[in-house]
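Following this message is one structure expressed as structure tokens.
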Ligand code: HDD
Ligand code: HEM
Ligand code: HEM
């Protein structure tokens with residue numbers, strides 16, 4: 001592992017993390033706006049839509065950014081991943097296309113809002129599960145070389161308990177994180193009914209997602225032992241992650257500091273959960289190194305040409321400097337401006 | 001069919017679908033900006049209404065442009081992993097910079113659409129300018145990858161290894177500026193004529209309603225003006241593109257013109273179909289010497305014919321028809337804009353004659369057709385190479401099978417999206433007819449999107 005390839009994988013990991021948070025929020029919000037569409041008076045659907053409308057496009061850029069970062073930093077890994085992911089990748093793309101399209105359509109064609117929302121809500125619910133599949137595929141054991149071509153072994157894939165643990169985790173933590181974030185969002189907007197609904201959902205789903213995480217670890221032990229034992233070297237991070245989870249839970253049940261009579265401090269819970277996921281994914285990511293795809297590709301063997309890396313890295317710095325003010329402005333307009341948060345639909 | 005052919009068909013279909021929405025995503029923001037600027041200048045409410053309505057339409061189109069673009073981007077790696085491996089090592093800069101352009105576009109598009117009523121007019125104009133900038137930049141950058149495929153520079157392949165990589169030399173490859181310029185101006189042309197089409201159609205349907213008719217007439221004139229300027233630029237720049245082919249990809253130019261024998265004073269063949277057996281253009285018109293002049297600005301320029309290349313390097317010969325289709329439509333668009341200008345500014349007639357109106361109506365779809373022709377010509381004309389004279393398409397295609405199934409699935413999804421987007425647009429503009437907004441604007445001063 002050279003410093004350059006380590007830097008590159010860190011950037012990639014950063015993108016994956018940001019996307020994971022934004023996408024859970026995005027897909028989860030789509031799901032909740034579907035679930036609560038018939039409960040008009042709680043405003044839960046409106047809250048979800050108000051978050052979703054301006055952000056889905058920005059979120060989508062992140063998934064493109066991940067693919068581009070992978071291709072440009074690790075073209076060697078792209079070759080194998082591109083080959084084996086043809087089918088699952090294509091299904092994700094198809095669902096993503098339907099979901100983005102129908103999400104936009106449902107906001108425009110108000111008379112058909114309900115049925116259109118179902119299309120976007122359901123597809124958005126399946127996507128995280130499929131996206132998560134990419135992780136266990138890189139753990140090894142599911143790729144075989146047949147006639148000189150890397151091929152995904154679907155039978156092995158769909159009989160592995162580890163795969164189902166990952167899918168279950170993806171779905172439950174999508175719903176958990178998004179309900180938590182929406183609880184915070186509706187709290188800021190003083191939408192008390194919506195807040196209650198989302199707080200309750202977060203409290204129910206949190207423990208389930210934690211159980212799923214444990215299931216992943218248990219099945220990982222037999223399915224990809226190299227990764228499991230590496231992760232055990234980062235046990236303090238994993239323990240820290242469980243602790244922050246409980247901090248988040250506590251934050252949701254203690255009385256609010258700012259508003260009398262309201263229960264829970266969702267902002268604190270959001271921060272704690274973010275740290276929880278950061279710690280856990282750091283332990284996972286570190287344990288995964290140096291392999292990108294076990295045991296075929298390491299971050300060194302898949303690495304791009306050093307000249308290209310240097311040029312890319314310069315554009316990263318410049319791009320960040322240019323974009324940062326834009327993100328701040330965006331955040332202020334849609335996450336903090338009470339005029340936006342409190343407006344009623346239409 | 002073998003997997004290579006299906007992979008090509010699948011990718012071509014994806015691109016052919018994406019390009020419709022992507023081009024409009026570049027062209028319509030320019031029209032929105034023009035309308036916003038005209039509103040600030042003339043204080044004529046109609047222009048504000050135009051900007052508002054076009055933005056609504058554009059926001060719906062985005063619902064297809066973005067997911068299909070995402071498909072295109074990922075499909076490059078899924079279908080052509082060998083190609084993306086080389087691109088990753090040598091030519092990833094434009095892809096990477098394109099991400100920043102996407103971010104700029106996405107951020108300010110959301111701001112323009114969802115915060116329009118909370119920001120100042122200046123901020124609105126800045127936002128829509130940044131949307132335009134982001135969209136144009138992403139088109140320019142992605143075209144740069146295509147340009148690189150035709151005129152690769154900045155690396156060598158030595159014993160199967162990629163060496164001597166100079167990413168900026170690859171970025172500034174010889175055809176970058178010409179190709180990217182052509183794509184940008186042709187997108188502006190297309191956006192403008194699309195607006196003209198809709199306006200002309202509405203004028204034909206609303207002859208009696210004076211207020212509505214006037215509104216659409218303003219939009220038509222704006223569309224024709226912008227379209228006229230950019231179609232002229234497209235043609236001028238297209239001429240340069242052809243000269244670039246003459247210099248760097250002579251067999252592509254030869255196939256585009258159906259020229260078999262190398263010659264000076266070469267004739268230009270317009271229309272018709274290339275016949276491989278007799279080595280001539282059937283049913284076409286020949287203009288003596290014109291091709292030599294086109295290729296090198298003088299009649300005695302020697303133009304290389306296909307026979308000077310081994311037949312396995314020949315691009316498919318039907319590209320001649322595509323190339324001609326593009327040039328013909330380009331010339332027709334310039335002609336239309338000029339007639340419109342003469343009628344409106346010089347003869348000062350309030351109404352256009354009906355046949356001319358119908359010509360305006362088809363101008364937008366024709367421009368889109370021209371985009372399709374141009375791209376299929378450019379990509380198919382590069383065959384059998386994916387990177388000219390370096391990498392063959394058949395060597396980079398995925399080893400996975402099952403592409404046939406995916407071709408069917410993706411095609412179904414494109415049909416669903418195409419139908420849904422048309423229905424939604426129709427629904428929205430039926431529900432919000434311009435008459436209502438025109439009535440409003442006389443009584444109400446603030447506007448919401
Ligand atoms: C409104 C659309 C439009 C119009 C009116 C024209 N073009 Fe075009 N043309 C394109 C849209 C386009 C395009 C879709 O944007 C292409 C495809 C690839 C590219 O770089 O631009 C293109 C490619 C393209 C190429 C091939 C470049 C390559 O292979 O890399 C040439 C030689 C021309 N054009 C020449 C012309 C000429 C001489 C025109 C005369 C009027 C013309 N085009 C009108
Ligand atoms: C958006 C408009 C575009 C359209 C309609 C289009 C169309 C096509 C078609 C029809 C093919 C199949 C060629 C054949 O086998 O005959 C193709 C191939 C291809 N195109 Fe394009 N293309 C477009 C833009 C681009 C751009 C911008 C790039 C550069 C990133 C690109 C890169 C490729 C590659 C890599 C292939 C596959 C390999 C090959 O067949 O050479 N295309 N495209
Ligand atoms: C030259 C032909 C192309 C043009 C002019 C073009 C232009 C555009 C534009 C303007 C958008 C933004 C849509 C909008 O927001 O209005 C877009 C989206 C996108 N395009 Fe294309 N594109 C072209 C070809 C391609 C190709 C070949 C790829 C794949 C490599 C691609 C990948 C994408 C992606 C990933 C997006 C979505 C970005 C997002 O998430 O916001 N495009 N394209």
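The backbone N, Cα and C atoms fix where each Cβ goes, and this holds for glycine too.
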Looking at B:219-236, B:237-254, I want to know which stretch TrEMBL calls transmembrane segment.
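Range annotated as transmembrane segment by TrEMBL: B:219-236.
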Taking B:59-79, B:269-289 as the choices, which stretch does TrEMBL tie to transmembrane segment?
B:59-79
Does the transmembrane segment (B:176-198) make contact with the transmembrane segment (B:15-39) through 3 or more Cβ pairs under 8 Å, each pair 6 or more apart in sequence?
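Counting Cβ pairs under 8 Å, at least 3, so yes.
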As a test: from B:15-39, B:59-79, B:99-116, B:128-148, B:219-236, pick the stretch that has the greatest number of Cβ pairs under 8 Å with the transmembrane segment (B:403-429).
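Looking at each of B:15-39, B:59-79, B:99-116, B:128-148, B:219-236 in turn, the most contacts to the transmembrane segment (B:403-429) are made by B:59-79.
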